[in-house]
Amino acid sequence: MLDTIILVLDSTFRLSTPLLFACLAGLFSERSGIVDIGLEGKILGAAFAAAAAAYVFQSPWIGLLAGIIVSVLLALVHGYASITQRGNQVVSGVAINFLAAGLTVLLGQAWFSQGGRTPALSPATRFESITLPFADTLANVPVLGPIYADLISGHNILVYASFAAVPLTWWIVFRTRFGLRLRAVGENPSAADTAGLSVTLLRYRATIICGILCGFSGAYLSVAQGAGFIKDMSAGKGFIALAALIFAKWKPVNAMFTCLLFGFLDALAIRLQGQEIPGIGEVPVQVFQALPYVLTVVLLAGFIGRAIPPKASGIPYVKERT
Amino acid sequence: MSKGQLPRWVDYGLLPALNLIAAFIVSGLVVVVIGEDPFEAVKWLVYGALGYGEGIGYTLYYATNFIFTGLAVAVAFHAGLFNIGGEGQAYVGGLGIALVCLAMDRFVPWWITFPFAIAGGALFGAAWAFIPAYLQAKRGSHIVITTIMFNFIASALMVYLLSNVLIPQGTMSPSSRNFEAGGQLPLLRNVFTSFDFGQSPVNLAFFLALAVCVVVWLLIWHTKLGYEIRSFGKNPDAASYAGISPVRITVVTMLISGALAGLMGINVVMGEQTRLLLDFAGGAGFVGIAVALMGRGHPIGIILASMLFGLLYQGGAELAFEIPTISRDMIVVIQALVILFAGALEHMFRPAVVAFFDRFSSNTAEA
């Protein structure tokens, strides 16, 4: 029984990690007032770039770097459209999702001729799992041993990084001057402008941070969890992250718990596939797949608490009205 | 003409054309990056889409899908609503159409099934749009987010239905049974036998799409409801002061939008595949966004934009066949760039064009 629980929780961590990165990415963007439907595209673009670079340079770290660069470039396109050109942020995000979906397969096919995939990565070119100190010696201690050895130890470095990013994000957003200003431009840009802050610059910085975090998310998918890029490998994770962000009410610690919950649903769905649950019978796997989305809709409708986004999010800032 | 204003033909013709050209130039650069000749690519694209009868048939077939989804997005746009859920609404609309066909196909000829199938598609599509609309109107949840969520919910629901409920006994692939003749729309190749449409699946739904364009045009510009939709879209506050109920307009507009998206299934489910398949909408709901943006929300613009995208889809298939390094996903890239330039960056060229016309008009004023 304990083994099963540990197994499910273990895969919960693995499945939550890309969501968590993306969710925190969205948090920075939306806190600054830029709605980001394009998380999905950035994750996908980063996943492709990371796998391609990791393969070509035989290094997961260069892969990660390439993923971040591509994701930031996509983020800058979004920034240019929605900050400088004051275009429709949703439309821009949709465009970025398509751009990534098309370009990854197109370039993948042109460069590697494997139907849009990248070549499979060898273990040395991936982020491998890390065994934490004393995991082996403690493994035989009842209850705590397996929890430490199997659940906490044995993940790759990006999993730990994603959870480390949570307190870091909290500290940046709520305890630094940058964070205060970030929240100010997301809530009331004209007041921030009057106080002498550059709304444009702050929003661009938030967008870039969003790009960096999406880069981590994508690289995790292709060079840590997977071994290479597969067409559409983000599979809606960007949208789940968006749902998680709403669920978390744009707060970092909530974001972690929401991502863990959504990851848990995912892990449970895999675990329960084709199995009878006593008293309920077989639950279709689609129920678990749809649950995050349904929960988000219910939350947005205000049935379980109210989700209030940053006030200025989605509205382009016009410095002076003539 | 006052300063900063543009003649209508510039606003509706030149600016979209500039945006489109920008999108195509960047697409051409992508082809160069891949190491192929963009002009060669264009040649195969155009030949594949228009060079022979079957190509034209496929172009029209794809265009039909995009007219429906484009109109759906456009109608919502007129009310200031961004319906990103066309994909889900089309998918569920297809379910409605399939249910009608499955119920009637063995007993009546297709032309009796047809109106019921239209009603079924519209009804199911509208129903799928109703919940996000109601939640936006009554509970203030954002329609963009809820319609996205509903796309995924629709996908999960349809996978469940197709693989557990509608699947005929003894088969493995998740789809409904094949419709009998009473659930099949006549293909144009069987109607207009003098024109060689090859094996293309273009069918009578094409004419339905054109008819729906006329209906939408009448609705938006020649009815009271259309006036209310447009007023609400331009200025919701002013509209509600003028006695237009925001709740009613939001819900009614989204119902119309969802119904239009739902009709897309007529073309695919009843016209081409003659059964309900997984993922039959195939992204057409999203192409609708590009089509509506490029067509500036006007049915004529939407028909033209749909034709262009139909051309890209069919020509892209030919292109992928002739130049294997360019995969079919080139279309998705072009589509993305069209959405980017015609939608998010639509004002990029405006200042320059305005400056050009201001100088031009002040010169003539002085002379």
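Each residue, glycine too, has its Cβ placed from N, Cα and C.
What TrEMBL says about a protein is an automatic prediction, not a curated fact.
Predicted, not measured: the structure shown is a model, and the values here were computed from it.
Taken verbatim from TrEMBL:
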- B:12-35: transmembrane segment (TRANSMEM)
- B:55-78: transmembrane segment (TRANSMEM)
- B:90-108: transmembrane segment (TRANSMEM)
- B:114-131: transmembrane segment (TRANSMEM)
- B:143-167: transmembrane segment (TRANSMEM)
- B:202-221: transmembrane segment (TRANSMEM)
- B:249-270: transmembrane segment (TRANSMEM)
- B:276-295: transmembrane segment (TRANSMEM)
- B:302-324: transmembrane segment (TRANSMEM)
- B:330-349: transmembrane segment (TRANSMEM)
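Outside the transmembrane segment (B:55-78), and at least 6 residues removed from its termini, the chain residues within Cβ reach (under 8 Å) are 47-49, 86-87, 89-90, 125, 188-189, 197-198, 200-203, 205-206, 209-210, 212-213, 216, 219-220, 226, 229-230, 233, 253-254, 256-258, 260-261, 263-264, 266-268, 271-272, 284-285, 287-289, 291-292, 295, 297-299, 302-303, 305-307, 309-311, 313-315, 317-318. Highest Cβ pair count under 8 Å relative to the transmembrane segment (B:302-324), across stretches B:12-35, B:114-131, B:202-221, B:249-270: B:202-221.
At the 8 Å Cβ cutoff, the transmembrane segment (B:114-131) and the transmembrane segment (B:249-270) share at least 3 close pairs (sequence separation 6 or more) and count as touching. Within the same chain, residues 57-58, 60-61, 63-64, 67-68, 71, 74-75, 78, 118, 185-189, 191, 229-230, 256, 260, 263, 266-267, 270-272, 298-300, 302-303 sit at least 6 positions outside the transmembrane segment (B:202-221) and bring their C-beta atoms closer than 8 Å to a C-beta of that stretch. Sequence-distant contacts of the transmembrane segment (B:249-270), counting only residues of its own chain at least 6 positions beyond either end whose CB sits under 8 Å from a CB of the stretch, comprise 61, 64-65, 68-69, 71-73, 75-76, 78-79, 81, 83, 85-87, 89-98, 101, 113-114, 117-118, 121-130, 132-134, 136-137, 143, 179, 183-185, 203, 205-206, 208-209, 212, 216, 219, 225, 228-229, 232, 239, 276, 280-281, 284-285, 288.
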